[in-house]
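**Student:** Structure provided below as structure tokens; questions to follow.
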Amino acid sequence: MGFLGSGYLDPSSGCVCQLRSGSIKGEVYEVVTVTGDVRGAGTDANVFVTLFGEHGITPKTHLTSKSSTAFERSKTDVFRVKTNNVGQIKKIRIEHDNTGLNAGWFLDRVIVTDMNRPHLRFYFPCNNWLSKEDGDGLYVRDLVGSLNPMDVPKINKYVVRVFTGEVSGSGTDADVFINIFGEKGDTGVRKLDNDKDNFEKGAEDKFTLDAPNLGKLRKINIGHNNKGGSAGWFLAKVIIEDIGNKCVYQFPVGRWFALDEDDGKIQRDILVGGTEATGIVYNVAVVTGDIRGAGTNSKIHVILHGSKGLKNSGKIFLEGGEFERARTDLFNVEIAALLSPLSRVTIGHDNCGVSSGWFCEKVVVYCPFTGIEQTFPCGKWLDEDEGDGLIERELYEMVSLRQKRLKKNPWSLWIWTSDIKNAGTDATIFFQIYGDKGKSDEMKLDNNSDNFETGLWTKLPDLGTFYKLRIWHEKRNPFAGWHLNKVTLLKTLTKEKYSFNCGRWLDINEEDNEIVRELPAEGSLVTEVMPGEMIKYRVTVCTGTVSGSGTDANVFVCLIGDQGDTGERVLYNCINTVNKFEKGNADEFFIEAVTLKQVRRVRIGHDGKGGSSGWYLAKVIVREEGQPESEAVEFPCYRWLDKNEDDGQIVRELVPAGESPLLKNVSYHISVKTGDIPGASSDSRVFIKLYGEKADSSKEPLLVSDNDLGNYFERGRVDEFTLDMMDIGKINRILIGHDNVGLRSGWFLASVQITVPVQGRQYMFPCNRWLDKDEADGRVEVEVYPSEILPIEKLINYEVSVATGDVRAAGTNAKVFMQIYGETGKTELMILENRSNNFERGATDIFKVDVFTIKAIDLGELKKLRIRHDNSGSRPSWFLERVEIVDLKESTTYYFPCQRWLAVEEDDGQIARELVPVDEAFVKKDSENDGQSPATLGLEQKAKSTTYTVKVKTGDKKNAGTDANVFIILYGNKDDTGIVSLKASKTNKNKFERGKVDEFTVESVDIGDLKKIKIGHDNKGNSTGWFLEWVEIDAPSLGQCLKFPCGRWLDKSEDDGATERIIFPAELQTVEYIPFVPYEITVYTSDIFGAGTDADVFIVLYGSDGICTQQKSLCLNKREQRMYFERNSVNQFIVELEDVGDIIEKIRIGHNGGGLNSGWHLDRVTIRRLLPNGKGSETVTFPCERWLAKSEDDGETVRELVPTDIFTEKLLKDGTLKQIEEEVEEPLEGNTILGISVFTGDIYGAGTDANVFLNIYGDLGDMGERKLSKSETNFNKFERGQEDTFTIQAVDLGILYKIKIRHDNSMFSPDWFLEKVEILDETTEESFVFLCERWLSKKKEDKKIERTLYEQVQLGCSLRWDEPLVLPGLALVRVCVCVGGFSEPLFVAVIPYHITVTTGTEYDSSTDSRVFIIIMGPQKVQTERLWLDLEEGKDEFADGSVEKFSVWGLDVGEIKKVEVGHDGATPESCWLMEELTIVVPTKGVMYNFVCKCWLARDKGDGLTSRILNILDAECVNIGIKILYEVTVVTGDIESGGTDANIFMTVFGSNGNTEEMLLEKNGDRFERGQEDSFIMEIADIAPLRKMRIRTDGKGTRPHWFMERITLRNLTNQEVATFTYGDWLSKLKNEKGSLLCEMPAVINDEQMMEDTTYTLQVKTSDIGGAGTDANVSLILFGEYGDSGTLPLKESNKSNKFERNQMDEFSFSEMLSLGDLCKVRIWHDNKGIAPGWHLEYIDVMDSAMDKTFRFQCDRWLAKGEDDGQLIRELACANNDILELKERTGESGVEDADTKENIWIILEGKMGRSKEFLMENSSKKRRFERGATDTFQFSSKNVGDIAAICVGHCPKDGKKSSAKADVFWHVQEIIVTEMELCNKYFFRCNAKIPLRYKRRDYKVFECAKVTESFASKARSLVPVKYETIVVTGFEKGAGTDANVFITIYGLNGDSGRRALRQKFRNLFERGKTNRFYLETLDMGELKKVRIEHDNSGLAPGWLVERVEITNSATGVTTIFPCGKWLDENRGDGLICRDLYPRY
């Protein structure tokens, strides 16, 4: 909500401070209503208040909710209203909605306090009824207030006199309403009603309205609600007398207010003096929800509010809407004010009618004048009986959806019909206006009234100066004739005026029989009567002489010139022939028009109607009448206009002879996608109009498609059309629609895509809506703006003419293919075809010439052309004369002669020819290139070529798979691969089956960067249709993996019928990595018996620093395994692997032991790689000469080899090869022997029979995983309590730091408890210990069977060297650690963001795309794209799911916008994002966006990412968190580690955190470990103590906790908490799972140790004693004591009547001064009721006793029935408030003058304190801090200060430039209780003599001292109301608990129970009373249930808590389920307050 999310409460203050979000500053007002003491004074209605201030008007705010008992007789109610700051309050409007049983309300008075300036308290006396029945019948009142409660404010009186006209039927029975607008606001809508029968014909009615003074009146809005029998009303005039200001205002009207008279309006704005109001029209669309019973019969009204709410439209009744379910109603609302952009919209209804309840989905308002379209979501009921019962709502804009549209200005149009006989017409009139900046659309005037006299409103874009108007009608019947006198146009805002004189007939039987007229513009604005002369054009249309060339269709023509066009004119009246357009005719027509200057092109076509509509047009000749024939311009065509010939177009644009039409015309390729929704297809004629930057197209009918699907616009199909026309520039928008004719005329249009190859642009126009009279808003045409404009390859046109020779049987009917080659590339292989019969032997000419247009990339100069045919058909032989190609961009013609047969049985039998252009010299120059010698080497070739791994995903849809042959072509920026058949899939035998991924390898020479691919199939086989999801192409040598999304059918009978597609890569899905390099690996097998192997041989290469490649198999398949590695063979492999750097330190080679004879004797391996610059290569030799066999040598099948020598070949500059051979210096030690001891734990079931595997890592690499097979110590390995030793030989690993150990979970009992592993390096005799003490088991602990163990480091170093501190979800961040001190802080400015995403529940809402978010701050600061990747096991954002993520990103400061999107590029990947929540802990804010928007190509507005404006978010303050690095040290003691849950609570001087779980994260809290991680902890420093608790669960519940340190990452302060003991029921002597540790900061312990002695006195009352178990918690300055059970008393029988029991608790931490005790019992035993008198607590360290008086029952059946009490400390009441001393500290830049300050508190305002500057003591130096002391009366908590800057000597300052004092911060300390108030000023204060000029600063932060907090602890009853939601199944049977958190502590977890009541049922409200000590301002509520009972799921609507002492109600909205099976599955929620 725009206004709601901007202020928040600081966690440590009682004052409101500013959250820097949203531009509008939030303000909290306290509104107190006092209901009168009169019978029936109370009301059940909803009460609203609006505040009018000097800076604006607040939105109408709802006070309280129906559930509370507010507004009862003589009751005072307190409300906190959070809204925008409107400055000083002038008046308020208070009203109710008259719902409920007894709605009447007697209001005594209202008091409004601005909580930021609490001494400003405004009193608004009312003392009147707000009731329909009582008093004056008004239930809305404007009250004027004053600061003095005794003042009687002045109310003005307005006398309204209404004069009804003297016309027949002029009276009305309807209710008349008026709203009077003045310069100081308005009266609100008032009903004019008195006892008389009002508004009769000719009558004058008088009414008196009370209202505050409005100042000078400006306008009135008057109307009626159309009720009653004769509602029509003729109003003559209105006169208003302003009694207070003694003025009279006249409002002459003289118009009908009736739906059937005049312009049909029943509500008008009238300005003073009756000047015609300049209306601005707003288009308001109201959408009714698609929910059962959503529609309404009530009258709907709307109020539009301008910015800051200062101007509004008044109440507008929306007449004539249906408001039926799922419909959209459109209204044009005319208002005499410019309000756009609106700040909000009020919508409501009058609650009448049968089914009055209404569900409003949203309101969309478009203001043509500003071109802004705004969306106001509602999505709520307006119904007395649903939800909150409101029937009027304030809607706020969702700013993210705001659209900029074309601006249009309002004009009024006057049409004058001549005063002669039969001049009028009943035809529909059309007109179009031309200006020097363009032309308007054709506009239609509905001729519903009988005359054209009145001014008609119309909206026109900016057309510049008008020069002509065309006006016409389309009726050709006898009585439609019309004699038009003239037309005038008046621009309503500027009063510009044009007139267009006509004085002629538009009639087929009069004058020249024309029904179209063009009129030149006249008037003062038209400079020269712009060459506005009328010209007759004589148009001659010549039909061709081809057989069948004539047509009977209606032909139209449009002449286009330098100045406008003639519009489409039907050629009807022919001058010279009777039968038009016959073969060989030349028909002449006249077209009369305002001059076009030079005619540039002719657009001619026909409507395709009639039997033989096909027409062969030869040419059109145009000349101006009266000009000589020689001036005529000829426009040749010589083409068919026929759906079945040529290219199928029936409209063509012709250019003058001698110009190439293709140069002048641009092709627009239009793909129209019909939605996949039942009933989506249409039979209507569809048209489209394109609006470009340079010009607009005409309305083009889409009649002939390119991909001829037979039946157009069918459900789910795509139709492709091409429009050839002039270049209109960049497309801004389109208009698309249909004529609504035909049986199924309704059409659901999904989207339109327009590709303009010449511009190199592709436009996406998402539509996704009905164009249907009976759906949504009933429109059948719609304007669409592009959602995105993508760059594509620019293509240019080539015109290809193919001439067939004049030889017998020269023609062919085979398919002809052609490919053109040029300097810069080649075209694709193209089929030459069009709709005519091609390649026939010439009949009339010598040659038959076929003309084709080809689009291709710019080829530069053409080099050659390849042409062939496929020899199919009955007569395939073809004699080709020549081919001509015109490059239309360069207008060059290339001439390729052939004059040969392409035939199998003629000439040389070839059916393919390569032709070169005639001038052959060009062609030769490049062929002299010497080719390289053929002996190029494999490796070098590999380096130049690229291997692509192509993965193809078939969609998971019915019949998605194909059996056809699939091919692919990869296009790079240098070349393409040519057609590659995808034959052998590596993954599936049966390729391209539904839902499968197939993998192929494609080798190619270097084609450059991959730009696009073409993939398709040959449509052969049984089920050929194929749904291709995506193609992924991985090129390791380029280090790129590209994803090409498709998501479409390749199927003749689906989509657009194409079987091949060109696909581009999706940018967001591209993965880049370090490119792989080729290695040539040569393997020498020894010449020994049995040396060969058939096993799968693999290799790993190691570089320096332990970098290694992946493990790579050398053979691709079993066949190769059998062929290679034979005895004495040499096998060479070229493998692409990761680049391991310049030096290969070692390799690991081995095999898997498969195949028949797997044993292998390897002699050596050589590896050759190219040198970096390509100048030669180097070969490294790795000798082995050992067996890799299980049965030979040591039984190992893996060997590590180190290099011996390197052989280098370098290519020198002179071209010779230099060869160098050298030995490797210092190779790694080849055979280190490692002794490995594995200790199995001594625990029941510890041993395992599974196979164990081990890998060891050192700083020089790892040794590969080895199986631990032969134990040297035990025959049966890994048994309980034993040690097994193994010896492993490996290459030197350097210093060992971690091992990975796992088992394969095989055999009977695989579970294994591993204690530790010790490794002895036998060469250096170093030993390394790796502790584990954990299970490796699928059943126990964390169910893992693999562990990574680190070497035990001696404690003292904060982190292991190689393990970076891992921030959750962020890439690794290396932390500099130096032992002892700490080095630089960890981050620059990376902060955590917690993001929650809710997916919608509609069909198809889910997505499996990757979702990202970008958070943006001011000035383009933004995070990188933060990917929200789902956890393992989840593969999609499922319908209705709630997913949570924590990401780390840049701290952008104040968040302005958030972009959210996904990388899905296919139509399939749609996602409905319901809600998005972003929590920024370091700022203490939560933003919640209720988006409900599609992110999809094919839904909504077609975007897959959208930017949300932070103004759309609800913003909640959740308290700032500070980032701490937490280090947990577990003791190095046997089985010290744990897998129990560990909880931490931290206590500080400023409060305490909640209990937080420390995440185990797999391997934390293990023996001897230090675990560091980052946590968010509330801002409570300085830290005092920590409480750690474990839950004692898990397989290893005992934990030895050494210590915990917390490092504040903002100021690097470190606190240490040491324990050094067990937390365990068994191993701890007290059996304790909980410990408390004091903080040690800089060697100082922050809390003292003490013993608490408690004396508990039971009262001397009957039955006072109890047998129940009693517990208590002490609260003090430094936190709380935790729960202390009162068990061990000095008396044997505890808590007997009148007895004192003493309890002692030693080894406690002293809490300082105590302030309260919470005590309770468990109600067990025979008589559990207990009456407690008091408790005394003695603290031995402080030597102080604290008394807590109780004197109340803790019993179910006594007092208020509570078993829990909070007692305040009685020592607190001793202090009395005296004169307070304030102390203020001031910081910053110089002044020599004096400063004064006033404190404003909650209880009043202090006097002015002067802070003096003297020469002796200079104050206010730059950068200084000055301190002053004053004494003052007690003003309560300080909320604001006023600061001024005055001259020292009191003189007026001299006239020099302004002097400023720059103040940074002021701190006011109240000396008695030491509360500190911080004011962050950072402002310049000007020097002023007058005391009126000062700055006000609001309190930014308060630190309240403990003494002050303790004083405010008084017992308070909190009324808690829980409202359960309305949905099905909303109620719960579980037990519900609540915890309330306030500034002064929390309530503890309380159960919400009532005896014998069924609580929390659907739609019900339950009320509970809790008594606790005053918690201060409420911060949050935790509500939870225990998930017990049958249906525990619970939908909580909200929780309301009222402090009965202050009457303040805090509302905590929830609106979410607490249900393990819904949404995010939580059954415990934290709710934050809304005002």
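Cβ atoms here come from the backbone N, Cα and C positions, even for glycine.
Got these off TrEMBL a minute ago, pasting:
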type	residues	note
DOMAIN	27-144	domain 'PLAT'
DOMAIN	156-271	domain 'PLAT'
DOMAIN	280-396	domain 'PLAT'
DOMAIN	409-520	domain 'PLAT'
DOMAIN	535-655	domain 'PLAT'
DOMAIN	666-785	domain 'PLAT'
DOMAIN	1232-1350	domain 'PLAT'
DOMAIN	1391-1509	domain 'PLAT'
DOMAIN	1522-1637	domain 'PLAT'
DOMAIN	1650-1768	domain 'PLAT'
DOMAIN	1773-1899	domain 'PLAT'
DOMAIN	1916-2032	domain 'PLAT'
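Tell me what's around each of these sites.
**Tutor:** Across the domain 'PLAT' (27-144), DSSP assigns 0 helix, 63 strand, 55 coil.
When the domain 'PLAT' (156-271) is classified with DSSP, helix, strand and coil residues number 0 helix, 63 strand, 53 coil.
Taking the domain 'PLAT' (409-520) as a whole, pLDDT averages 83 in the prediction.
Secondary structure of the domain 'PLAT' (1650-1768) per DSSP (helix as H, G, I; strand as E, B; remaining residues coil): 0 helix, 64 strand, 55 coil.
Here the domain 'PLAT' (1916-2032) has, by DSSP, the following mix of helix, strand and coil residues: 0 helix, 63 strand, 54 coil.
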**Student:** Among the recorded stretches 280-396, 1232-1350, 1391-1509, 1522-1637, which has the greatest number of Cβ pairs closer than 8 Å to the domain 'PLAT' (1916-2032)?
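**Tutor:** Checked against 280-396, 1232-1350, 1391-1509, 1522-1637; highest Cβ contact count belongs to 1391-1509.
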**Student:** Is the number of Cβ-Cβ pairs under 8 Å between the domain 'PLAT' (280-396) and the domain 'PLAT' (666-785) three or more, considering only pairs separated by 6 or more positions?
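**Tutor:** Contact confirmed: at least 3 Cβ pairs fall under 8 Å.
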**Student:** Looking only at the domain 'PLAT' (666-785), what are its DSSP counts of helix, strand and coil residues?
**Tutor:** 0 helix, 61 strand, 59 coil
**Student:** Can you count helix, strand and coil residues in the domain 'PLAT' (1391-1509) using DSSP?
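**Tutor:** Tallied per class, the domain 'PLAT' (1391-1509) gives 0 helix, 62 strand, 57 coil.
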**Student:** Can you work out whether the domain 'PLAT' (666-785) touches the domain 'PLAT' (409-520), with the criterion being 3+ CB pairs under 8 Å where the paired residues are 6 or more apart along the chain?
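**Tutor:** Output yes: the domain 'PLAT' (666-785) sits against the domain 'PLAT' (409-520).
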**Student:** Which residue counts does DSSP give the domain 'PLAT' (535-655) for helix, strand and coil?
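**Tutor:** So the counts come to 3 helix, 59 strand, 59 coil.
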